[in-house]
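Annotated features, as they stand in TrEMBL:
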type: REGION; residues: 1-24; note: region 'Disordered'
type: DOMAIN; residues: 35-421; note: domain 'Major facilitator superfamily (MFS) profile'
type: TRANSMEM; residues: 41-64; note: transmembrane segment
type: TRANSMEM; residues: 76-93; note: transmembrane segment
type: TRANSMEM; residues: 105-129; note: transmembrane segment
type: TRANSMEM; residues: 160-181; note: transmembrane segment
type: TRANSMEM; residues: 193-214; note: transmembrane segment
type: TRANSMEM; residues: 247-267; note: transmembrane segment
type: TRANSMEM; residues: 279-297; note: transmembrane segment
type: TRANSMEM; residues: 309-327; note: transmembrane segment
type: TRANSMEM; residues: 334-352; note: transmembrane segment
type: TRANSMEM; residues: 394-415; note: transmembrane segment
Amino acid sequence: VSTMNAKTSSRGEEEASGTRNETLGESGCLGEAKKRRVIRVAYVIAALDLTFLFMQIGVVPYLAKSLGLDSVGFGYLQTIFGVLQLMGGYIFGRFADQFGARAALILSCVSGSIFFLLMTLSTSIPILFLSRLPGVFMHGIPGAQKVITDMTSPSQRAGALGKLGFCFGVGIIFGSVLGGVLSTKFGIYAPTYVGLVGSVINTLIATICIPSQLKPESDHHVTEHSDLFSIREILRLMKFPGVMEVFIIKVFAGLPIGLFMIMFSIISMDFFGLEAVESGYLMSYIGVLQMVVQGLVVGKLSHHCTEMTLLRLSVFVFAGVGLGMALMRTVWHYCIIAVPLVFAFSTLATITDSILTKAVPSSDTGAMLGICASVQPLTRTVGPTIGGVLYKQFGVSSFGYLQLMVNLGLFVYLWKSKIPLEEMKSQ
């Protein structure tokens with residue numbers, strides 16, 4: 001009897017152990033499934049945020065003109081927005097590190113809601129300028145990047161961040177089209193009303209669907225910092241191995257094409273001779289390329305190549321794009337050049353963000369993403385002056401020659417230098 005009881009007890013323990021293992025296995029699967037759902041929610045929020053942003057970009061020039069703002073005043077309006085984004089990028093990242101990705105994403109969505117609310121009330125020039133102030137915390141893409149960074153392992157990060165390019169393409173295409181259609185059929189303020197409602201919905205999505213506590217996949221060491229903005233903290237991050245070198249490459253490799261894109265509205269009219277509708281079609285074409293390249297191609301390449309290889313490739317392709325831009329004469333030439341241009345731009349942005357977030361402690365990834373997000377506002381701030389001088393004095397080809405020389409120099413530097421990076425492919 002005692003032997004039978006022992007066997008029964010042993011069998012019961014084995015069954016219980018098996019049940020516990022199955023439960024743990026199911027729990028692990030649910031954990032991974034939940035992470036994938038959170039990442040998908042981040043993609044949705046980013047796509048909606050960019051759509052609303054591009055809706056107002058197409059409307060603001062006409063709204064400013066209707067209020068009596070001249071071209072010089074409109075330049076000041078754009079510069080103020082760029083400066084606010086530049087100042088707010090790092091602060092937003094530090095906020096994400098201290099209070100979590102969910103709180104940061106909600107802050108961005110709420111700021112967007114206030115931004116569109118003020119735009120709906122912009123019946124005078126002072127209120128229009130006031131509407132730019134919430135832009136200091138409008139960082140939907142860095143917020144989504146922070147969520148993705150916390151939810152992915154280092155080997156998966158490049159591919160996951162690359163898919164945000166698909167969201168960017170969606171924003172360009174649908175935002176530009178909706179902005180034009182709504183303003184034409186329902187009035188110039190219609191896109192701002194839609195943006196306001198959409199930003200409120202985005203806030204609710206972030207509040208309900210993003211967990212309050214996201215645990216980073218990889219953790220180096222956790223550091224506590226009380227200041228939201230500190231030059232000392234920025235310098236501390238730059239001292240990590242490889243960070244300064246990669247950040248400098250990120251800034252200078254994309255600077256010439258950034259200057260070109262800032263002047264693109266003028267170039268499309270004067271050099272290519274395009275009408276407003278044709279310029280819209282061209283932007284939609286760029287958006288489709290962005291969706292395909294960054295949403296599909298970059299992720300695939302990250303499975304087969306190391307990040308240093310992709311970084312060198314993007315810089316080399318950028319140099320070739322510069323030569324093509326120096327020789328282009330028609331809009332059809334630009335349409336051909338746009339394919340390698342979008343590839344190089346998307347690869348550089350994705351790979352450098354991935355490298356830089358892996359080079360710093362997980363407690364500082366938000367700050368690092370904030371610093372990366374400040375690159376484009378910096379270009380928008382100084383770009384109109386530098387780009388205007390280049391275009392007026394040397395023509396469109398000057399952007400191409402500058403692109404060629406800068407990226408050839410960077411490629412030689414990358415080829416000869418030994419930047420201390422963790423060579424890793426996506427699994």
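Note: Cβ is positioned from N, Cα and C throughout, glycine not excepted.
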**Long-range neighbours of the transmembrane segment (193-214), counting only residues six or more past its ends (CB under 8 A)** = 34, 37-38, 41-42, 44-45, 48-49, 51-52, 55-56, 100-102, 105-106, 109-110, 112-113, 115-117, 119-120, 147, 150-151, 178, 182
**Prompt:** For the transmembrane segment (279-297), which recorded stretch in the set 41-64, 105-129, 160-181, 247-267, 334-352 gives the largest number of Cβ pairs separated by under 8 Å?
**Reply:** 160-181
**Message:** Please report, as numbers and ranges, the same-chain residues at least 6 past the borders of the transmembrane segment (334-352) whose CB is under 8 Å from any CB of it.
**Reply:** 158, 161-162, 164-165, 246-247, 249-250, 253-254, 257, 272, 282, 285-286, 289-290, 293-294, 297-298, 301-302, 307, 310-311, 313-315, 317-318, 320-321, 324-325, 328, 372
**Prompt:** Under a Cβ pair cut-off of under 8 Å, which of the recorded stretches 41-64, 105-129, 247-267 contacts the transmembrane segment (160-181) most often?
**Reply:** 41-64
**Request:** Grab the same-chain neighbours of the transmembrane segment (41-64) for me: Cβ-Cβ under 8 Å, and only residues 6 or more beyond its ends, written as numbers and ranges.
**Result:** 73-74, 77, 105, 108-109, 112, 116, 119, 122, 125, 128, 138, 140-141, 143-144, 147-148, 163-164, 166-168, 170-172, 174-176, 178-180, 182-183, 188-189, 191-192, 194-195, 198-199, 201-202, 205-206, 209-210
